[in-house]
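Listed features, source TrEMBL:
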{"type": "DOMAIN", "residues": "41-87", "note": "domain 'RING-type'"}
{"type": "TRANSMEM", "residues": "282-302", "note": "transmembrane segment"}
{"type": "TRANSMEM", "residues": "309-328", "note": "transmembrane segment"}
{"type": "BINDING", "residues": "367, 373, 374, 403, 544", "note": "UDP-alpha-D-glucose binding site"}
{"type": "ACT_SITE", "residues": "403", "note": "active site"}
{"type": "BINDING", "residues": "545, 569", "note": "Mn(2+) binding site"}
{"type": "ACT_SITE", "residues": "791", "note": "active site"}
{"type": "TRANSMEM", "residues": "869-889", "note": "transmembrane segment"}
{"type": "TRANSMEM", "residues": "901-919", "note": "transmembrane segment"}
{"type": "TRANSMEM", "residues": "939-961", "note": "transmembrane segment"}
{"type": "TRANSMEM", "residues": "982-1008", "note": "transmembrane segment"}
{"type": "TRANSMEM", "residues": "1020-1039", "note": "transmembrane segment"}
{"type": "TRANSMEM", "residues": "1051-1071", "note": "transmembrane segment"}
């Protein structure tokens, strides 16, 4: 065998079809300068240049491995910053820029190069050289290619033949052949012996005949060249013929030469279960807490307080309700998981070099109503972040729904489209984050850090000036819109603005970007930007936000028909430009993507004070509860930051995975057990069971049946939609042939033959106010009507159809929004959510009785039940928070004299509650401050917003009284946390203020009574004081919110609260249950009052 190993041993495995070079003394020897002269770079193949001192460039001072300066700087900037051969960390060489981790160099005067990072275009010099991703994570190029990953894997040679062996091999071909430069590299490249240059051989047994080696697993040049040609077109991605849902990988679609462990064939995401060291104690504590609760209620029920029976009975009823509510909240968190995505695998699978991207199209929905409460500048920033997202521009379309038909929004969007022509190329050129200019320019930048290039600094400053001018134009529009002319607004051509009458106007659609001829300043295509305002007429029900979203679904289906939809509120901008790719790792995953109906991202917020006084971040819900649901059937839909599968919104059932036929038993073939198995099946299936099965199927169909389709029509959701008759589809989706045809396209897309004028006419038709009449929109299709919280209903219906959802938490938050940070706005927001839950509770879609026999899992149902029942907790919560004051004022208590047994139970209960919270904080990554703020606002919202929502919901259901909600004001730019101290009067403030006053009064009265009665009265007082202090601590943020920056509580709050507290006190004195009805009991005190 003839080979030159450069002093290294070649080891390999015939079964694994690989070779490994093992280091020897030759590697560790430092070569002289003479030996290095004329060397070629072992990464790119270029010649190693000379330094300014006339000496060859040496990247590594330990082994002198030949690497050119370009590859050296690239390895330090983008790689693992170590020598590929000896793994020694590269040190900075004079003339090269600094990277993170370099030591301080006070003795080197090289400032002109230390922070010089070159042109940003040079960052991709390897890609421009024609390098394509290789087999084992390395690169395959025209001249051997770069092998960064190959070096970092212990000098392991890639699998060259992948199991292919020739039946006949020529005798003049050798098994192992090295090229001349292999003495410096680590890769074996086979070539015919007749064409190879003379090389220095170093065989271990020179006298041995090479024919005795037989043939190995290394391919020869003719086969290698043919294989490389195939790989150049197929190795980067799996053969994928537009199956965006991730078709079944049965192996027939794939090339036989593709390795099974190729990076492009790996799953695009994976589950990361919580470590057993965290989750096992957590589950154990939950079980122990259940046991302690059992002993607690056993003691409470069997030990009544006879002299305060009313108080005792009330407290026990409240505690039972709290225990049931805790069970519904706790057990959906039994299987918490986290997830990890692989964006590089997504690119390998669906993005080939030189070919159009095969990533799925995405339509993005932005909803807005009132530009005075939702500033156009905030909406513009959201739109700009969408247009600049890191996704193929021809596959993104942004639809802005203006449900207020405001000309201000229209003109602001026109200005936004002009500014986007400059902003989008700037974002993509420098790869900045975030891509919403308001928040990007508000971040402080250190120009001596993060490889800031002078060219970037110049362009950034120029772009900031452009953005300031853009803000001036938007603010001028807002100032102009403050005074509406009597005759209404007119457009540029003099025609009246169609939306002058907000409640009576035609549908409007305007395509600002995405049509032919409109490009950015660099001549590149821009994503589509469409303005939509649906038709509104008096006498029609428009269903608020849910109706607007359904209108966008139909418009987008006619114009672009992307298979996936992203909806965001106007104040939720894209903070992570790769957010869409993160979601596609789940939606387009070939193994589990087809059953995913939506990918929900957590909500993160800007502009919240450091202490988060009113728990606006809602961290406990997003980082604990949602992770728990992700381990079941998926998180609930929270209204924004969610990417949907369009087919799931159309009301179709989730695809059912067909199970392969299994054998009767594991030990014998099926034919051996067919007789026994058939007899067993016949005996097991009785007539009664068959009847039950038929009834079960009929009940399941009744749940998901279309309400307006006449009887006798079979359910067609599980069938191929293309087989459904046109008449049935029109009854379900409406009278639009174009839209109905789009619903049959599972992979999306629109006909290319039709003109844009035809599409626009049809798009205006599908947003008419009467289009949804006698259809399934809002019932089985699209966003579901019937509640102001349409998000819960919509996600619930999808889960009932058997779909599952996914919770995605990228390292960089995907979306960020604005939160109402002052107390009044926050309470109104919670009031709206709670009212929606009450509406669902009284509707036919209540999870307590709806959806059985479908695809909803039991613990997932627990979560939905908790989401609609929690407003009812306000009643026992208000009563329970009142009990401490009553106990202190009357001298009674809800618990009899505590024994040692009772003390143990109470202490165990408190410890289990604390332990559960601590362990949840541990596996959820939540801080104790966030957890405590959540507990406080649970009480504040429960005694105010939840109670009023329950009252208003009962009025709506029983008396038909509707409640109109105003849009929550979004943050302005008038100072940091300026709204935190704004006080706005609302009746929601009365109940918690009253509870605060009566508990404080109770504490004062109780302490005064104990001081007056002496030492013996302090023992019974301790439990009552602890109870009252618990209430006051939970309401403390509310008390701070009342004061704000003022020196005193507003007078109106004091008057109402004192009045209500006085009424309750007088009422209690009048009906005091602890005083005998026959009058007070007079006892002989021992004193003679007659003397």
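Don't overthink the numbers, they just go from 1 along the chain as shown.
Including glycine, each Cβ sits where the backbone N, Cα and C put it.
Sequence features annotated in TrEMBL and their locations in the structure.
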residue: 367; record: UDP-alpha-D-glucose binding site; contacts (Cβ under 8 Å, 6+ apart): 401, 403, 545, 548, 549, 552, 567, 569, 570
residue: 544; record: UDP-alpha-D-glucose binding site; contacts (Cβ under 8 Å, 6+ apart): 403, 788, 790
residue: 791; record: active site; contacts (Cβ under 8 Å, 6+ apart): 636, 637, 638, 639
Item to check | Which of 373, 545, all binding-site residues, has a Cβ with the fewest other Cβ atoms inside 10 Å | outcome: 373
Checklist outcome for this item: The correct DSSP tally for the domain 'RING-type' (41-87) reads 10 helix, 4 strand, 33 coil
Checklist entry - For the UDP-alpha-D-glucose binding residues given in the record (367, 373, 374, 403, 544), what is the largest pairwise C-alpha separation in angstrom? => result 16
Checklist outcome for this item: Same-chain residues at least 6 beyond the ends of the transmembrane segment (309-328) with CB under 8 Å of its CB atoms are 293, 297, 300-301, 862-863, 865-866, 869-870, 873, 876-877, 879-880, 883, 886-887, 892-895, 1073
Item to check | For residue 403 (UDP-alpha-D-glucose binding site), the number of other Cβ atoms found within 10 Å of its own Cβ | outcome: 23
